[in-house]
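Take a look at the structure set out below.
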2 protein chains.
Amino acid sequence: MEPNINAGSMDSHCLEIRMEPHKVVPPPPRSTLQKLKSRLKETFFPDDPLRQFKGQPLKTKFILGAQYIFPILNWGPNYSLKLFKSDIVSGLTIASLAIPQGISYANLANLPPIVGLYSSFVPPLVYAVLGSSRDLAVGPVSIASLVLGSMLMQEVSPNNDPVLFLQLAFTSTFFAGLFQASLGFLRLGFIIDFLSKATLIGFMAGAAIIVSLQQLKGLLGITHFTKQMGLVPVLSSVFHNIKEWSWQTIVMGFCFLVLLLVARHVSMRKPKLFWVSAGAPLVSVILSTLLVFAFKADHHGISVIGKLQEGLNPPSWHMLHFHGIHLGLVMKTGLVTGILSLTEGIAVGRTFAALKDYRVDGNKEMIAIGLMNMVGSSTSCYVTTGAFSRSAVNHNAGAKTAASNIVMSVTVMVTLLFLMPLFQYTPNVVLGAIIVSAVVGLIDIPSAYHIWKIDKFDFLVTLCAFLGVIFISVQEGLAIAVGISVFKILLQITRPKTLMLGKIPGTDIYRNLHHYREATTVPGFLILSVESPINFANITYLNERILRWIEEYEAEEDIKKQSTFQYVILDLSAVSSIDTSGIVLFKDLRKAMEKKGVELILVNPLGEVMDKLQKADEARDLMRPDNLYLTIGEAVSSLSLTILKGQSSTMCGEGT
Amino acid sequence: MEPNINAGSMDSHCLEIRMEPHKVVPPPPRSTLQKLKSRLKETFFPDDPLRQFKGQPLKTKFILGAQYIFPILNWGPNYSLKLFKSDIVSGLTIASLAIPQGISYANLANLPPIVGLYSSFVPPLVYAVLGSSRDLAVGPVSIASLVLGSMLMQEVSPNNDPVLFLQLAFTSTFFAGLFQASLGFLRLGFIIDFLSKATLIGFMAGAAIIVSLQQLKGLLGITHFTKQMGLVPVLSSVFHNIKEWSWQTIVMGFCFLVLLLVARHVSMRKPKLFWVSAGAPLVSVILSTLLVFAFKADHHGISVIGKLQEGLNPPSWHMLHFHGIHLGLVMKTGLVTGILSLTEGIAVGRTFAALKDYRVDGNKEMIAIGLMNMVGSSTSCYVTTGAFSRSAVNHNAGAKTAASNIVMSVTVMVTLLFLMPLFQYTPNVVLGAIIVSAVVGLIDIPSAYHIWKIDKFDFLVTLCAFLGVIFISVQEGLAIAVGISVFKILLQITRPKTLMLGKIPGTDIYRNLHHYREATTVPGFLILSVESPINFANITYLNERILRWIEEYEAEEDIKKQSTFQYVILDLSAVSSIDTSGIVLFKDLRKAMEKKGVELILVNPLGEVMDKLQKADEARDLMRPDNLYLTIGEAVSSLSLTILKGQSSTMCGEGT
């Protein structure tokens, strides 16, 4: 069956009919070292960060280098009074949000309230020097606080052993920072890309519900509350302790929650009124503190924060413990909170950078956030990052540079030094209301609906993350969702699409027969396209699937009583890479087809594929010019001539 | 910058110049259910096993169904004396191999030697009824035996508590079978595809070395041998016990090892002399037994097997324990040995099926092997599968059907009933020599070199599997290699290739500029092609990389002092799928390009991509006919007219 005439040479005899088909050439030779270098570059330095240094004099290189490491040197020298005016407004605005949120989130992490304020003082200063985002407002965030608190609680009780708990929290923060900085330094930032948007939406909604449920303790005034996190144990604990509910607390909580949610709603409707929701928490704290103080409500069942220590962050490096039985837990907690806070910080930075049209270097940001947490862990701070809500307020309030973080930090410093006694009568219930009103924004139903509309599998990931967080645990819910996302990618590789192509009449264009209805098959040819890398995970499938295509095509021909089927054309335009197992596929296919009297033709193998096929002895036969074409059109027209020639000679034979 | 003229309508005015570009149409509508159905079908039933049932009368369906479940009904009714003659020769040949190997491998798994013979009796009978391969010779195999023995030894000592050890071995076998049958039944057979050839070559070479090292105990006659598996502890144990080396054992072992290796070499050189290597182990056993018996060598430091029980397999279902503290270990052992033996069995079946041009249904084979192990576990057998070496002998000896397994099984039965006393004086050293000569074949250096030549990364996987097995442990070495293989796939997805395309002069063909040197850029157009699915794991990279392509192109234009750059054409022919995050990429790219005054043009989105882009509100603008073309050629020529028109009107404006 195999045509003996070299299609290329035959064509040259009939140039008047058709041009010589284009040769498929091997890619320009590159050494293993060059290949390795370019692959490493694309993997670890896709943004080519040293581009700006090229061809500069040494002095400029030095200045650029310093600016690269300390972005403050970029904007610092040109800082003006006009910029400062914008930054002071936004800085004070976010401070008014940061103080009550700091206290609340520390509460959420089972840490002393003052640690929340400490964490809003040092890290913003570090970030202002090292960070490259102009809008990020730094401080503790709800999800990382929740995860830190709940993970550490597995081994140590914050009530029975508060000092050990604090030590573990600081050590976890150190590991979170170390992990974040290492990711950035080793340029492995792409690891956080594996937290897809679908995963995050489900995860955050679940976490928001878990966080809100925890606040029922404060909002209802319950004293004996479960230590577990899940939906079921919390609700059962709430309804088993109905006797402990305190109506004074409930009324106060309800009023302030309504106030905060209304303020949130107003700001969402009119972004110009951003200060309404930004100021509401502080107003609530002041108002509730005055109410408690005036009515001596702390003697009527409303629990208050109590006396807080005055003064700036005490050093805490002596509290970091890198040994002992809790080391495993601490490292795991650092890893999980580190990834979570990094994801939030990077996403926030990128979002606002895109809005204002500047670039944020992901790996550099990771180093900044990581160092900030490492410094924080030795100055009594726990895990911090750029927070979504606070950064939005910062942006709306007109922040121009990272100086707004410095303004916030100074404000918090003043509070720490002089204003701490004022919080003595702040009721815990109002902190619960602040947390609930903050995390409500994390439940993003329109986005979930959007995902459902476009991609049902993505929605499944969202749903798994959500249900996993609510019913199993925060970390495991996240792990399940990431696992499913990765599994989906692997499944796509394991079961790649193979399409049957047809010719669009009057053109040389070949497209999917089941998509473009006007496309028609070419008699004698089965044209298939493979749409994925060919590797060990899919060769078995591809082998079976392609042979099934051939059998189906043969069966169809049998019905039509034709028997012109001679060539299987495999379009490799979409096969971006191949491994050693993939080479075997071609060998096996060729062997199976030979038995059927059909020939295998390859079209447009890309550089890497071409390269490897040439190196493999088994595939050398496939690399002959009459088995290899640059386009489907050229393959079909060139091979049609061969068929025609074969038929006419047969007919001549019959005629004589 | 955006051209206001609809390219399509303009073209219709100048039909004499150029044909109307082809419309990109959405794929024919399908409901979610239809999509889900076809995706599930491709994932779980890619081979369409029920194809043959279609359109058949009920009776035929019933017969086909029975033949599908019991392949013996396919060949049984047509079985002839001629076939039987072939099968009896091959059956006796593999029996002569199976008996010494069975005893040796049971030794390797720390089980009583007789269990190895039991395992060569029942499982082959089960396989003969259920299996669809004609060449597979069933029995215990070296790697699964090694792994079973070493994993169970972590918790239970085979010397101190032999009965418990045997119970755990049978229970592990049951779980291995259950797992194998479930994989087949749930049609999840593709999971074993993740053991790539590169992984297996490294793993098997490492396992062969570990197995051989274990034989040093028998070959040197050491009595106090380490219980560990790694290279380092075994060698240190060997050289710390030099005093125990027995020269009689060493001499005997060396002689028989040379005999076996020479026999192996002869058969490899001339496949017709297959019986030389097939018969050598039995000859060695007989010869060595006679020697020991004649010279009473068992009193001179050569250890012998000793008295073996006579009789057929006793039932062992009462020894299966599905509770207790060892359940976790037993399930894990079942899983690992199940996967390993399945991989070997399926690979062997497929290899010989391809040679003889018949098909083996992977999922059905899994069910057959699984049931065989489940039955085996309740009849005193441990994990069995189709063995590479034994099946090759079977094939070379001319086996025609699975009846050769029955012949082997009957021969083993006769041995169990009447010949057991003959093995009393068989020296252990000869069993060690048999194992070493069998596993030497697993070290495949030419294949490893071949992998090195074609794909350096694959070779890294091979190397990691090899070193992991030798220095860490058999299971962990395997896990590391699989992890790296999967990581490579994920890395390819995370860092997909983006190519810059150019026009091959005189054609409408666009190809990679860095591969086809004759290709040239088209002024005003940057033509990029993305070669992977677009999803959450790569949108950040793709966004940065495409913007860098644009910046580089702009810089190049600046040098040339041109400023015609107006369009970025994104060829989506190789983007096989997209998720919700991927849609956002297009939105972001479009926004970023608008700021640069450049327009984004999409070419040839495939069915699924087209479908999802249409559903997303953000991408609707991209779906306008003047942003969407079927081929790059049509996009370029259609948009060139727009540019030309724009320039000529500018020139007219300048002229007046």
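Cβ coordinates are placed from backbone N, Cα and C, and glycine is handled just like the others.
Note: TrEMBL annotation is automatic and uncurated.
Residues annotated as transmembrane segment in TrEMBL: B:111-129 (among others). Long-range contacts of the transmembrane segment (B:111-129) within the same chain: residues 70, 72, 95, 98-99, 101-105, 136-140, 149, 158, 162, 165-166, 169, 305, 308-309, 312-313, 368-369, 371-373, 375-376, 379-382, 384, 386, 402-403, 405-406, 408-409, 412-413, 415-416, 420, 423, each at least 6 residues beyond the stretch ends and with a Cβ under 8 Å from a Cβ of the stretch.
Positions annotated as transmembrane segment by TrEMBL: B:136-153 (among others).
Per TrEMBL, transmembrane segment is recorded for B:165-186 (among others).
The feature transmembrane segment is assigned by TrEMBL to B:198-225 (among others).
Feature annotation from TrEMBL assigns transmembrane segment to B:245-262 (among others).
Residues annotated as transmembrane segment in TrEMBL: B:274-295 (among others). With a threshold of 8 Å between CB atoms, the same-chain residues lying at least 6 positions outside the transmembrane segment (B:274-295) that come near it are 93-94, 96-97, 99-101, 252, 256, 259-260, 263-264, 266-268, 302, 304, 392-393, 396-397, 422-423, 425-427, 429-430, 433-434, 437.
Look at TrEMBL and you will find B:366-389 (among others) tagged as transmembrane segment.
Feature annotation from TrEMBL assigns transmembrane segment to B:401-423 (among others).
Per TrEMBL, transmembrane segment is recorded for B:429-452 (among others).
Sequence annotations record features per position, and here TrEMBL assigns transmembrane segment to B:459-487 (among others). Taking Cβ pairs closer than 8 Å, the transmembrane segment (B:459-487) reaches residues 143, 146-147, 150-151, 194-196, 198-203, 205-207, 209-210, 229-232, 336, 340, 448, 451-452 in its own chain, all 6 or more past its ends.
Under the heading domain 'STAS', TrEMBL lists B:515-639.
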Determine which recorded stretch among B:136-153, B:165-186, B:366-389, B:401-423, B:429-452 has the most C-beta pairs below 8 angstroms with the transmembrane segment (B:245-262).
B:429-452
Against the transmembrane segment (B:366-389), which of these stretches has the most C-beta pairs under 8 Å: B:136-153, B:165-186, B:198-225, B:401-423, B:429-452?
B:165-186
When you scan the chain for residues with a C-beta under 8 Å from the transmembrane segment (B:401-423), skipping those not six or more beyond its ends, what do you find?
71-72, 75, 79, 83-84, 86-88, 90-92, 94-95, 98-99, 102-103, 113-114, 117-118, 120-122, 124-125, 127-128, 131, 133-134, 136-138, 285, 289, 305, 307-313, 394
What residues elsewhere in the chain lie close to the transmembrane segment (B:198-225), defined as a C-beta under 8 angstroms and at least 6 residues from its ends?
107-108, 142-143, 146, 231, 234-235, 237-238, 241, 244-246, 248-250, 253-254, 257, 301-303, 343, 347, 428-429, 431-433, 435-436, 439-440, 442-444, 447-448, 451, 455, 458-459, 461-470, 474, 477-478, 481-482, 485
What parts of the chain pack near the transmembrane segment (B:165-186), using Cβ distances under 8 Å and only residues at least 6 beyond its ends?
44, 109-112, 115, 148, 151-152, 155-158, 192, 316, 319-322, 326, 329-331, 333-335, 337-339, 341-342, 362-378, 380-383
Return the average pLDDT for the domain 'STAS' (B:515-639) as a whole number.
86
Tertiary contacts of the transmembrane segment (B:136-153), as residues 6+ beyond its ends and Cβ separation under 8 Å:
94, 98, 101-102, 105-106, 108-111, 116, 119-120, 123-124, 127, 165, 168-169, 172, 204, 207-208, 210-211, 214, 227, 229, 329-330, 332-333, 336-337, 340-341, 344-345, 348-349, 352, 372, 382-388, 390-391, 393-394, 399, 402, 404-405, 408, 435, 438-439, 442, 473-475
